[in-house]
Amino acid sequence: MESIRIGVLGLTNAGKSTLVNQLHKANNLLVSPMNNTTLLAVSTNTITHEKQNITFIDVPGFSEKRHSSYELISQEIRKALSGIDVLLLVVRSDQQQKLPLLQTQLQPLKRYRDLTRVLLINNFFDVVLQAEDKQAIVLDFKPQAVLETDLLHFDATSFWNQFNEVKLQANEFRKDVEFLDADTDNFKILEALREQIIKYCSEEIPHVVRLEIVDKSFDQAKNLLKLHLSISVPKLSQKKIIIGRNAQMVKKIGMQMRQKLLEYYDCNVFVELFVRTYDPKQKKSPYGSLI
């Protein structure tokens, strides 16, 4: 059976992670109104469809150069493009003000001529993408097919019916790229922690924070999963924000993270968090123990 990797790309907050979650009927990928929630390209479980094994790769959204994680995100996008067969571009219909950025980002994609290209228009809140904007994107992107959906009221059957019209082809030049696996325990643990940092801390911190599993063990007699995790940030001021007055913030983050993990695991969970600083000159992965 042929294996196809589909990279889901687009502007930040276009609905890329939401689409992949909907197709898997799961919430493994973190979704947030914050820009660039996804920092690394993430692989998901394989879906068997029409005699093909399809793996969706959730790719970080296009960002502007002034973004603190611009270099990391750009690197991840390039890595993803070299390791996929199909490029699925998601465009949200109400993001007209971001279309100039999108069209700028589409120019470098022209060199990836061997990828099957599909344009998916997310009709957000039933807002229709203006005809001239749609035409401009089609001219730049040159998709083999244009699909439309509303991810807030997603109909998987309708999506697959449209998708069946696309002739998916393996890319003979695809590299054997290794992506983060969204279905592993370690990824779920670190994403649960990152979700709380996004929820409770300023927008600057989630993009520079580096997370690591220092120790993980299971006490079978007590049915207890013990987690010791490290949160690293480049500035002392950011460390103080995460810790909070009388350590109230880091306690809240740990408690809410534990509640999230209880949805995954049929056992008790103990979480201990350490907050430290790292030298910003050192290039550290957002998920130190997974790379």
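Glycine too: its Cβ is placed from the backbone N, Cα and C atoms.
Straight from Swiss-Prot, the features:
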| type | residues | note |
| --- | --- | --- |
| DOMAIN | 2-144 | domain 'Era-type G' |
| BINDING | G10, L11, T12, N13, A14, G15, K16, S17, D58, V59, P60, G61, F62 | GTP binding site |
| DOMAIN | 201-279 | domain 'KH type-2' |
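Location within the structure of each feature annotated in Swiss-Prot.
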residue : record           : DSSP class
G10     : GTP binding site : strand
K16     : GTP binding site : helix
D58     : GTP binding site : strand
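When pLDDT values are averaged over the domain 'KH type-2' (201-279), the model yields 92. Close to K16 (GTP binding site) in the fold, though at least 6 residues off in sequence, lie V8, L9, G10, T38, D58, V59, G61, V90, each with a CB less than 8 Å from its CB. All protein chains considered, the CB of F62 (GTP binding site) has 22 other CB atoms within 10 Å.
Across the domain 'KH type-2' (201-279), DSSP assigns 30 helix, 30 strand, 19 coil. Within 8 Å of the centroid defined by the CB atoms of G10, L11, T12, N13, A14, G15, K16, S17, D58, V59, P60, G61, F62, the record's GTP site, lie the Cβ atoms of V8, L9, T38, V90, excluding the listed residues themselves.
Comparing Cβ neighbour counts within 10 Å across the binding-site residues G10, T12, A14, D58, P60, the minimum falls on T12.
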